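Per TrEMBL, these features apply:
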type	residues	note
DOMAIN	25-475	domain 'Major facilitator superfamily (MFS) profile'
TRANSMEM	21-42	transmembrane segment
TRANSMEM	80-99	transmembrane segment
TRANSMEM	111-130	transmembrane segment
TRANSMEM	169-187	transmembrane segment
TRANSMEM	284-308	transmembrane segment
TRANSMEM	320-342	transmembrane segment
TRANSMEM	349-371	transmembrane segment
TRANSMEM	383-409	transmembrane segment
TRANSMEM	421-445	transmembrane segment
TRANSMEM	451-471	transmembrane segment
């Protein structure tokens, strides 16, 4: 059944409607973002809970409670504590390279299914953990789940979506990441109040809920037409699926482009080797640079360690967790706004707006902490709330721009023959720098103190200039004819022409 928004691509002359079938399929697949977001929010919250720290990280607990001489900025500096957070991302980095051949050889659905099952197992182990080893092994399984899901879900969304609304559909992934973060922060706020001190177990174990939804839902998902035409000996199956998701029989133009892309893809035996060719240089650069920039915005500093950061500036345990809820709600709201406007304003414009907003917010937070927060004591209530407002402004800028667009751009720029390999590189680079940021932030906060925010602000300047100079607009360009934007770009045309 068609919902009734007729579309027709100016470039590819594709026909179709936004059908309820494709909307429902993409909603189920996008829940892969919830498991990612849930883990980001949960890990930051439980590491600020005193019973959790007392059980698994007593050294950090002792520094936080009993050591009155240690600097505000150094209370949580523990490599073991950061290993708990960042072990997931090393596991995800490795897993995504296993996900790529699975996605290419068997389709998008199997990779999503593997991701859901692995995350489910990790949630069970984390919730039942009675020592640090169970805790870390659980994190590794969660990482495998996130690695497979992050590699396959954005591809699935971009391939299922109509070209004119691809941005909005793909941003469903980041929107679900935001939902996961918000739900996790709310749950942490509630479980922290359990007086017996086992609330952190509920927080970790409840990751099984979104994982179950994803796993069960994937069993009923259709495969994308791109994947069907690539793997099936009967092209009519792909054609019938394309007609079903577009809500029209007039899909010949789009089907022809898929068929051509599939023939090129089948001739490529080693996509990771092939992506190194000169003609794929712009896609390779974007696959590396965009996820790198997404991490050095500093967002995961806020996402992982928001409660810890708010405790650093003097908020209590409960107030810190509630502040994390507020920032999560702001980020989710702005991602929804971005979803509504991305296919109207375009990717580049939103990147510019978000970059300026993040930069101003970070500079002001760094300045306030430099002037008003010493090594001991805390900020006054007024300045504490001002920092919270500015961090919300920063999260809003990220939720509008680099959050959703950091996933959208890589998933839509790769030709079919290198698409799975390119997405794996994107996810792997993201995980690598997520790991580096997560592993070093608490140490960086201890040594750079308020300068940490100026460090990330400097990167925001660099990435905004990079987008302005080197990223062409991809709005409304059909995914199988994306190569033409590079041929028309002032810099990239010398590589691809």
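Cβ atoms here come from the backbone N, Cα and C positions, even for glycine.
Given the structure is predicted, the values throughout are model-derived calculations rather than measurements.
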- Note on the structure: Sequence-distant contacts of the transmembrane segment (383-409), meaning Cβ under 8 Å and at least 6 residues beyond its ends, amount to 154, 158, 166-167, 170-171, 173-175, 177-178, 286, 290-291, 293-294, 297, 299, 302, 306, 309-310, 313-315, 323, 326-327, 330-335, 337-339, 342, 347, 350-351, 353-358, 360-362, 364-365, 368-369, 372, 430, 463, 471, 474
- Note on the structure: Across 80-99, 111-130, 320-342, 349-371, 451-471, the most C-beta pairs under 8 Å with the transmembrane segment (169-187) come from 320-342
- Note on the structure: Among 21-42, 80-99, 320-342, 349-371, 451-471, the most Cβ pairs under 8 Å with the transmembrane segment (111-130) come from 21-42
- Where does the mean pLDDT land for the domain 'Major facilitator superfamily (MFS) profile' (25-475)? 85
